[in-house]
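Following: one structure in structure tokens, then a few remarks.
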Amino acid sequence: MSRQSTDTAVSSQRLLASAIGVAITAIAAPQAAQADEAGQKKTDKDRVLSLDAATIVGEQQDETTYNVDRSASKKYTAPLLDTPKTVTVIPQQVIKDTGALTLADALRTTPGITFGAGEGGNPAGDRPFIRGFNAESDTFLDGMRDVASQTREVFNVEQIEVSKGPGSAYTGAGSTGGSLNLISKTAKQDNFTDAGFTWGSDQTRRTTLDVNRMIGDNAAFRLNLMKHDAHVAGRDEVSVSRWGVAPTVTFGFDTPTRATLSYYHLSTDDMPDYGLPLTNVNRSKANPSKPASVDRDNFYGLKDRDYRKSTTDSGTFRIEHDLNDNLTLSNSTRLVRTTLDYIVSNPDDSRGNVANGYVYRSAKSRNSTSKGWVNQTDLKANFETGFIKHTLVTGLEFSYEDVHNRPYAITSGGGAGNTCNARLLASGDCTSLNRPTPGDNWTGSITDGLAYTDTDTKTSAAYVFDTLKLSEQWELNLGLRYDDFDTKSSGYQTAGRNGPAGYFKRENNSHFWNYQTGLVYKPAPNGSIYLAWSTSSNPTGETGGEGQADISVGNNGLDPERNRNLELGTKWAFFDDALSLNAALFRTDKTNARVASPDVSTLQVLDGEQRVQGVELGFNGKLTEKWKVFGGYTYLDSEIRKSTVKSDEGNKMPQTAQNNFTLWTTYDLLQNFTIGGGTTYVDKQYGNTANSTYIPSYWRYDAMASYKVSKNVDLQLNVQNLTDKRYFDQVYSTHMAHVAPGRTALLGVNFHF
């Protein structure tokens, strides 16, 4: 059984903390003497940001901006103002100002994203739903699919791009509601050191170090380090611990050939939390189940049994060469290995004990290793055909992923059964609903399980994108992609929904085309109106690498689900491009959704239809030189239009908030003093297609104040969930709802040299 050594973990954490301290001391001493010069240099250059992460060296961009005007992905062949698609870029400054410490924290600054709960696979924070559709397998890193199940941090993230609507022409399999593109920090043409120390409520301690050094005139090295430990506000016994390191080196600044080599490591060691049980086991649409009315801090896990540990190691090499002024060839290769190991208590698991004042601790586990690689080649060209100007990108993409999972065999110490009684209470398998005891002496056993699954997924793809400038007012944006998606699943299964116990082997091979087209009209240089059409495909086994179920006997022979999107929108830039506003009307249809067969319960058929239509508004940038805003609003009208379960027809889609509003704003009261605040509204969400489980709507408020002590030192105070609101941010289809953290105060001290 691969439970990691606690002593080893502690030693690694102490080693990292010591390394950060030594590095800060060593670097700060000589830098202090050059503080004035470095501070002036930083002001003059505005700290160059490598925006085009798929391109080794990008355009310079103000790092303090709330408004980014161009995507980092090569596949977007026009500025965002002229891109016929809703794309929200969460810049570094928004991540800093909001005090975001996780990917989920950062994503809450943009509307139209909710988070799903699940029994296994990825940590729930890495399971976003975009415009009502699951996007957990639609996360990209620097324009390449981030293969393998993993936990993601923000210490090495420069910005986050959220693309809305079906986009398989850009991404391949998935991206029905949209996709995420995380842009990592790379070496810059500058010398600087940033060190941050954060102390907070609930024993929060976070240390970060970001060092960039030029190596001669045309190369640079950058190192990011992070150590984070905290308990979770409002939740007994729940804690998180993680550390990470990310070195990167770039060669060839200001030359025709440029290359970057990067490495990333993240280790986590958490006490997992599945939240509170749902109440009504005899639930229905007319009588839906909601979270139990108990104290928010009630924790139903076992602190001496439950754990979750993960590691991520990835290495990336990117190179590009300018063949001439209008033609650039680039290639990127990434190798990834991740591990995910946990045992967690699912509160009650729909066993009906809640009505009697008890909770059954249903143990869930995973012990997986994922390995994979991605290779992507792009050719970017600028040329003219007659009066038409083209910006074209064409490329090839190949990827491979192997996931091995052998869950643990967990045996109750109280014998068979899951209805709470004196025997199961004594063994620690059950606890009180109102006064749970996470310190119970659990008397069961944990061994390596007999069942295991190996899932291999291979993808080969070719694509082309072109922005055709027909005139000063008209542009045509086109994209086309072909995918060969092959996934195989084999292993040993115990008796259950996939048949009798024994060895199995299943395979699904899918070939699909996807496209997008958009017509852009520019009534003025600072504005655009567009009409766009796009498609996406969801093949069987798409989420296998992200911790979800392997290919089953019920779906291994099915064709991909197909999705299409029609969007009418407009984008405008004001105040010399300091402020961006956008609005869009859209309709996304899934025309052949996988649903249960009406004839054989273990099989699925492509006989469902789903629709999400609505409106999205967005704003980001400066209203004045002192006042910044970032946020938006979405209205999502979701509907299950057709299903083999007739009672589901007309219902709302799960994990879809009809109304979602986000606002973050800051104001410079003085030259060195800034205040800020934010609010988020998320509407009611259902946990399943039957609409028989739900979590209620909520408002959340946040606040911030920062003070520049000098050009080298600043302070920042964040208070998240200012009113200590008790709310739920994830709901599962049958069992539980995740409790969001309570009020959290964070005080950061940051040094810049």
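Just so it is clear, glycine is given a Cβ too, placed from its N, Cα and C backbone atoms.
The annotation signal peptide is assigned in Swiss-Prot to 1-35 on the grounds of sequence analysis.
Residues annotated as domain 'TBDR plug' in Swiss-Prot, with sequence analysis given as evidence: 79-185.
Annotated domain 'TBDR beta-barrel' per Swiss-Prot: 190-753, in sequence order.
The disulfide bond feature in Swiss-Prot is assigned to CYS420-CYS430; the stated evidence is experimental evidence. A sphere of 10 angstroms centred on the C-beta of CYS430 (disulfide bond) encloses 27 other C-beta atoms. A strand conformation is recorded for CYS430 (disulfide bond) in the three-state DSSP classification.
For the domain 'TBDR plug' (79-185), DSSP puts the residue distribution at 21 helix, 32 strand, 54 coil. The DSSP secondary structure for CYS420 (disulfide bond) is coil.
Just so you know, the Cβ of CYS420 (disulfide bond) picks up 25 other Cβ atoms within 10 Å once every protein chain is counted.
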